[in-house]
Amino acid sequence: MGETRKTGGKILVYLQCYFVTIATILGTGILGLPVTLSKSGIYPFLVSFVFGALMQMLTVYFFTELLQLAHVSQIQDSKEELVPLNDLLADETCDELEEEDETSESVLAGHVILPKQASTQPPNLHLLGELFLSCGLVQAFDIILVLQFVALLISYSLAGSEAYAQVLGINYIYVIPVFVWVLTFLIVFALQLVQPLVSVLTFFKGSLLLGTVAVTFYVGSEINREIHNDFSAFGEPFLMGTVALGGVVNTMPLMYSKISPVKNQIQNFRLSVNLGLLTCTILNILWCWALLDIVPQLSTFQCASNTQSTESQGNLCHSNISLQRSASEGEISTIPLTEIIKERYPSFSWVAFLIELFIMVSITVSFLTVGAVLHHTLLGWLQSAWKKDKLTEYRTQTKLKVRCINAKCFCSTVVSLAVFCVVFGVSMLDPQGFVDILEKFSSFTINIEVALFIFLMCHNARKKEHLAQRISLPIPSLFGKLLYLIPVYFGIAVIYDVGLTIYSIVKVHMPDGDRQSSLASSILMTTVLTTDVLHNLTSVTKSSLETSTQQYVTNVFNNSDV
C-alpha cells in the first residue's frame, strides 16, 4: 500500500514537470511566431523549428547532467565541513544534545554531529553559476537572469492585463494592479500551491489551444488558401523560434528539487521535460499551419477565385488583413485571425472568445511560472549570501525548528517583493516603445544565456575532477562532443539578433542615402566579430584543460582589437 502511494506520488511529480515545462515554453512566443512567417511560409519554418527543437532537447540532456553534478558537489562540500563534536560540547551539555537529537532527528556519529536536514540546498541557477563559472562570469550570469525574468514579467503583465481588460470591457490600466499583485502574492507566499495550479491551468490552456487549432483548421479548409514558401526568408522565423521554445532550462532546477538523485527518477524527470518540449513543438507547428490556412501572408498577393474583402487590381489582390501588416504594426497573430473570422465567418464568432480565453490563461500561467523561477533564483542568491559555519547553522536549526520567522526568510520575502515592485512600476508607466525593447532584449538574453553561460557551465562540469564524482545518469563520453553544437546554434541566434537590432537602429536614425552602406558595414563588422568569438569559443573550450576561461576572454578581446 505504501509502495503504491509512493509510486503514485512520483507520477504526479513527473506530470508536474511535464506541465510546468509546457507552461514555461508555451508563452507569448506562440502568439508572435506565425507573424514571422509572412514571407517564409511553412516549409522553411518547419526545417528551422524542428532543428531548433532538437537543439533544445540536447541542451536538456546536458543540463540534467549538470544538475546531478551540482548536487553531488554540494554533498561533497558538506562532508568536508562537518562540525567537530568537541567544539560543540564546550557550549552544550550531553543531556541537551540528547534531547535535541530526539526532537530534531540529528545523527550522532563518532566525532561529528550531523543534522538530519542536510545543509545541501537543491541546485538553483545562482548555485550552478557559483559552482561552475569563474568570478565575474557568475555576476554577469546573475544579472542576465534577473533582467531576463523582469523583462518577461513586464511584457506578461502588460499583455495579460490587456487580455483581461478586453474581455471585461474596461481600461487595462485598472487591471494591472490586480493582475500583478494577486499573482505576486501567490508566488511569494504560496509557492507550494503554484506548481499544482500551473499544472491544472496548463492542461486547460493546452485543451483550449487544441480546440482553437481544430476549429482554425476547419475554417481554413473552407478558405483553401495556398501557402507560399520562400527559403530565402529562412532567417525570419529562426529567431522567434528560439524564443518560442526557449527558457526550459530556467525551470529545470526548480523541478529537479522534487525528485531523488537516483537513475530511474532522473530518467523519468528528463523524459518528462523532453516530452513537454516535444508537445510544445507539435502545438506550435499545428498553430502556425492552421493560421497560414486562413490569414493571407502578404498584403499584396495573386488573386484567387474567392476574393472577398480584398481590393483587386489586375491579377493582384490587396488585403487589409495579413501577417505582413501585423508584423509591421507589432500585432500578435490572433488579431488578424479573429478579424477574418468575425468579418467573413460570423457563425464562428465564438472562436474569437475562445482565442481571448486562451490568451488570458496562457499569459497567467506564464507569469506564474517565470515569477516562481525568479523567486527561486532570488532565494538561491540569499542562501549563498547567508552562508554560515556548520555550528551556527546547527544551532539556528535546533532553536528555530520549522519556524520561518527569521531574518533570512524575511529578507527573501522583501527582496522578491521589491523586484515585483519594479515589474509593477514599469508596467504602470507603460512607456511607448519599451515593449519592443523588452521583446528584443528577452530573445537576446535567452539565447546568450544558453550559448555562453549554460555551455560554459556544462563544459566546466564535464572536466575530469567533476566527472570523477559518481552520478546516477552520466552522458556517455561518445556523445560528449555534441555539447559544442550548443554554442554554435545559439550563438548564430545571438548574431542574428544583434544584426537585426543594428538594422532597426540604422533604419530609424540614418538618412536613406547613407543607410545602405552604413548598414552593410555595421552588420558585416558585427557578424565577423561575433563569428570570430564563436570560433575562438569552440577551439578554446576543446583545449580548456590547459587554458582557463579568463585566458579565453583575454584572447577574444585581443582578437577583436586587431
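Glycine residues also receive a Cβ, built from the backbone N, Cα and C atoms like all the rest.
Under the heading transmembrane segment, TrEMBL lists 12-35 (among others).
Residues or ranges marked as transmembrane segment by TrEMBL: 41-63 (among others). Distant neighbours of the transmembrane segment (41-63): 227-231, 233-234, 237-238, 241-242, 244-246, 248-249, 252, 270, 273-274, 277-278, 281, 284-285, 288-289, 292, 297, 450, 454, 458, 475, 482-483, 485-486, 489-490; these residues of the same chain sit at least 6 beyond its ends, with a Cβ under 8 Å from one of its Cβ atoms.
For the transmembrane segment (131-159), the list of distant contacts is 27-28, 66, 69-70, 73, 125, 172, 176, 179-180, 250, 332, 359, 363, 366-367, 370-371, 373-374, 377-378, 381, 419-420, 422-424, 426-427, 430, 434-435, 438-439, 441-442, 445-446, 448-449, 453, 456-458, 460-461, 548-550: same-chain residues at least six beyond its ends, Cβ to Cβ under 8 Å. Marked as transmembrane segment by TrEMBL: 131-159 (among others).
Positions annotated as transmembrane segment by TrEMBL: 171-191 (among others).
Remote same-chain partners of the transmembrane segment (198-218), defined as residues 6 or more beyond its termini with a Cβ less than 8 Å from a stretch Cβ, comprise 15-16, 19-20, 22-23, 26, 30, 279, 283, 286-287, 289-291, 293-294, 337, 348, 351, 354-355, 357-358, 361-362, 364-365, 368-369, 372. Taken from TrEMBL, the feature transmembrane segment applies to 198-218 (among others).
Note on the transmembrane segment (238-259): residues 10, 13, 16-17, 20-21, 24-25, 27, 29-30, 32-33, 36, 45, 48-49, 52-53, 56, 59-60, 63-64, 67, 122-125, 128, 145, 149, 265-266, 268-269, 273, 276-277, 280-281, 284, 369-370, 372-373, 376, 442-443, 446-447, 449-450, 454, 490, 493, 496-497, 500 of its chain, located 6 or more positions outside it, place their CB under 8 angstroms from a CB of the stretch. If you look up TrEMBL, you'll see 238-259 (among others) marked as transmembrane segment.
If you look up TrEMBL, you'll see 271-292 (among others) marked as transmembrane segment. A Cβ distance under 8 Å defines the sequence-distant neighbours of the transmembrane segment (271-292), meaning residues of its chain 6+ beyond its ends; these are 14-15, 17-22, 25-26, 29-30, 33-34, 37, 41-42, 45-46, 49-50, 53, 56-57, 60, 64, 206, 209-210, 212-213, 216-217, 220, 225, 227, 244-245, 248, 252, 255, 323, 333, 337.
According to TrEMBL, the feature transmembrane segment maps to 350-374 (among others).
Sequence-distant contacts of the transmembrane segment (409-429), counting only residues of its own chain at least 6 positions beyond either end whose CB sits under 8 Å from a CB of the stretch, comprise 146, 150, 153-154, 157-158, 161, 173, 176-177, 180-181, 184, 187-189, 371, 374-375, 378-379, 381-382, 386. Look at TrEMBL and you will find 409-429 (among others) tagged as transmembrane segment.
Residues 59, 62-63, 65-66, 69-70, 128-129, 131-133, 137, 140-141, 144-145, 147-148, 151-152, 155, 239-240, 242-243, 246-247, 249, 483, 486-487, 489-491, 493-494, 497-498, 501, 537, 541, 544, 549 of the same chain, all 6+ positions outside the transmembrane segment (441-461), place their C-beta atoms under 8 angstroms from a C-beta of that stretch. What TrEMBL records for 441-461 (among others) is transmembrane segment.
TrEMBL lists 482-506 (among others) with the feature transmembrane segment.
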Near the transmembrane segment (12-35), which same-chain residues lie under 8 Å Cβ to Cβ, leaving out any that are not at least 6 residues past its ends?
152, 155-156, 159, 195-196, 198-199, 201-203, 205-206, 209, 237, 240-241, 243-248, 250-251, 254-255, 258-259, 268-269, 271-273, 275-277, 279-280, 283-284, 287-288, 291-292, 295, 323, 326-327, 331-334, 359, 362-363, 365-366, 368-370, 373, 439
